[in-house]
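Heads up: the structure comes next, in structure tokens.
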Amino acid sequence: MALPTCFIALLFAFALFSTAVKALSSDYYDQTCPNAESTITKVVKNAMLNDKTVPAALLRMHFHDCFVRGCDGSVLLNSTRNNKAEKDGPPNISLHAFYVIDVVKKQIEDLCPGVVSCADIVALAARDAVALSGGPSWEVPKGRKDGRISKAIETRQLPSPTFNFSQLQQNFRQRGLSLDDLVALSGGHTLGFSHCSSFQNRIHNFDKRHNVDPTLQASFAASLQNVCPAHNKVRNAGTTMDSTTTLFDNAYYKLLMNGNSLFSSDESLLTDSRTKRLVSKYATSQDDFFKAFANSMIKMSSISGNGQEVRLDCRFVR
């Protein structure tokens, strides 16, 4: 009897994840570059002192790297005359803090030339960004190789803030990630800032019957409309992701339960009984959220990439 196509695709996704996990190890640089992790932590910490947006930027960078071609550092590559790279794809235009990765890479190359990959630096920097913001820490599996291919058109694969539940589920499943991972990783929205374009659909012309998404708490919707009017002309207008935007905590889930979430994709987590229970669980217990987030980050950061080398410069392929 032939297996359903969706089942075969799911098996393939898990096979990719299993292969990646086997290829990575927590002690990968213990002998070849023992000071790599402490160097990364120091650079991230210093960057955070000068710019409070760095943690959210590094976490988002890692997420966007892993969801396109796997965790291979291809999000770092610059566009060339003949190729528009991932970082210039529409969902990545607002990515920043690439300079943090450049500083880390330079310092590590001075210590251990040609050893530590840019992809591993991104994964470790994201972990440090979360931990230094009051969130959990975790042992990052290492040994990723850097990719040489980066195409802006492939950023269409990234989950959109306007996705409904079915779209989110499919997007995560294709990468070997479960509904549990979806809810836990969505908690990363506790850090950072969102531009109006990511939630405009919920506060203006929502559907034929409602101007505003009826699941939004009325006063919250009004405050968003004030910041992002229908014909907004302020380029960088927007709002913080939650009420404690520089602190990694479970405030995101509490706000979501109270109708104060920003994205349609956030609200969609309440449309499924299983994911809604997890949202409620994490809103109640920050410890449970931290454990789940750390586990899901390890899983996401192990999505197989197509890397073949260790790039000496994270932004270029020579």
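Each Cβ is built from the backbone N, Cα and C atoms, and glycine gets one as well.
Residues or ranges marked as signal peptide in TrEMBL: 1-23.
In the shown protein chains, 15 other C-beta atoms lie within 10 A of the C-beta of Cys112 (disulfide bond). Per TrEMBL, disulfide bond is recorded for Cys33-Cys112 (among others).
Taken from TrEMBL, the feature active site, proton acceptor covers His64.
Here TrEMBL flags Asp65, Val68, Gly70, Asp72, Ser74, Glu86 as Ca(2+) 1 binding site. Close to Val68 (Ca(2+) 1 binding site) in the fold, though at least 6 residues off in sequence, lie Ser74, Val75, Glu86, Glu154, Thr155, Gln157, Leu158, each with a CB less than 8 Å from its CB.
The Cβ of Cys71 (disulfide bond) lies under 8 Å from the Cβ of His62, Asp65, Ala119, Val122, Ala123, Arg144, Met300, Ser301, Ser302, Ile303, Gly305, each of these being in the same chain and 6 or more residues away along the sequence. According to TrEMBL, the feature disulfide bond maps to Cys66-Cys71 (among others).
What TrEMBL records for Cys118-Cys314 (among others) is disulfide bond. A 10 Å cutoff on Cβ-Cβ distances gives Cys118 (disulfide bond) a total of 31 other Cβ atoms nearby, all chains included.
Residues or ranges marked as substrate binding site in TrEMBL: Pro159. Summarising the environment of Pro159 (substrate binding site), the number of other Cβ atoms within 10 Å of its Cβ, over all protein chains shown, is 20.
Per TrEMBL, the feature heme b binding site maps to His189.
Listed in sequence order, Cys196, Phe199, Gln200, Ile203, Ala237, Gly238, Thr239 are the same-chain residues six or more apart from Cys228 (disulfide bond) with CB atoms under 8 A from its CB. Positions annotated as disulfide bond by TrEMBL: Cys196-Cys228 (among others).
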Residues near Cys314 (disulfide bond) in space but at least six apart in sequence (CB under 8 A): Gly73, Leu76, Leu77, Ile101, Asp102, Lys105, Cys118, Ile121, Asp146
Want to know which recorded positions, from His64, Gly70, Asp72, Pro159, His189, are within 10 Å of Cys112 (disulfide bond) at Cα; which are they? none
Provide the number of Cβ atoms within 10 Å of the Cβ of Cys196 (disulfide bond), excluding the reference atom itself. 20
Argmin Cα dist to His189 (heme b binding site) over the recorded positions Cys33, His64, Cys66, Gly70 returns His64
So if I draw a 10 Å sphere around the Cβ of Asp72 (Ca(2+) 1 binding site), how many other Cβ atoms end up inside it? 28
